[in-house]
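Here is what TrEMBL says about this protein:
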- T43, S44, V166: FAD binding site (BINDING)
- Y223, R278: D-dopa binding site (BINDING)
- 5-324: domain 'FAD dependent oxidoreductase' (DOMAIN)
- 1-19: signal peptide (SIGNAL)
Amino acid sequence: MAAPKVAVVGAGVIGLSTALCIAETCPSCSVTVLSDQFSPNTTSDVAAGMLIPHTYPGTPIHTQKQWFKETFTYLFAISNSAEASEAGIHLISGWQVFKNTPKEELPFWSDVVLGFRPMSEAELQKFPQHRFGQAFTTLKCDCPPYLLWLEKRLKATGVQMYTRKVADLWELHSEYNIIVNCAGIGAHQLVGDEKLFPVRGQVLKVHAPWVKNFIRDGDGLTYIYPGIHRVTLGGTRERESWSLSPDPGTTKDIFDRCCSLEPSLRGAQDIEVKVGLRPSRQCVRLQKEVLSQGGVKLPVVHNYGHGSGGFSVHRGTAKEAARLVGECIAALQGSSSRAKL
């Protein structure tokens, strides 16, 4: 058969990295990215891009750890290359602090990040309201530059990118052999996934170049993540809220909570407010499905529903999605060679 045509729907970090993995692992196929929004207007552009995994209750821990490890290894190599600055990736050290000792003193990802250890009494003095903490070094992606870097890599491998709103996967079946659904929160409408819901996140991006270490409250709600140019302060987790309008009361609350962890932030300048809708469900939907309509079959690979943990596992899930696309291609080639017989 002719070179299989693959369409990836969605151009956030999941869509772009999935398209790149498909192009790298299936060089014989042609890959096209279709999305109604590209950077800087995706949900991924709002994300802090810290590699600290979020746990998916419906996904086996060993699978989540594998995804995280593959992502960490991939980004660590970029951070050690001449492209680190352009890709917006850097190592960052800091603390995760808890008001009470957590049930799990060693999270499943503790041996993937660098230098994970309990905080000393002297370090904990910085956080008088907290009784326990963990210190480690991880990676941070500054998201807009990373998305642009991924787009540049895609163009270099011959992947096409078009702005297009896809309302129904069937509208693509006459042009493409395989569809990869990386639509994020858009999958709620696109494939009618009732298990997918938005978790609204509001963050502040501020100028505070003296803040060098990340600080994350153990409940995951309050965090300070220094990037290359701006510090991200967060945040909120509002289930089932579809509002993309910044809330001034929430802005003040986030700022006050972050200042209680890092009082020097009172001097932060140039505060910018961003809102994104995290595509959340009990587990990432990473599977293949064959849709059929009137005797016509359409192979689809789903890779969405990463919630607030997309950056931490994006490369690992993209590799798995690319493997599933490879299986779809093999099945198509098998059926076309049987048809010739």
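Here the Cβ of each residue, glycine as well, is placed from N, Cα and C on the backbone.
Shown on the structure are the features that TrEMBL records.
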| residue | record | Cβ within 10 Å |
| --- | --- | --- |
| T43 | FAD binding site | 25 |
| S44 | FAD binding site | 30 |
| V166 | FAD binding site | 19 |
| Y223 | D-dopa binding site | 24 |
| R278 | D-dopa binding site | 24 |
Between the Cα atoms of Y223 (D-dopa binding site) and T43 (FAD binding site), find the distance and write it as a whole number of Å.
18
Cα-Cα, whole number of Å: S44 (FAD binding site) versus R278 (D-dopa binding site)?
9
If I take the alpha carbons of R278 (D-dopa binding site) and T43 (FAD binding site), what is the distance between them in whole Å?
7
Overall pLDDT for the domain 'FAD dependent oxidoreductase' (5-324), taken as the rounded mean:
96
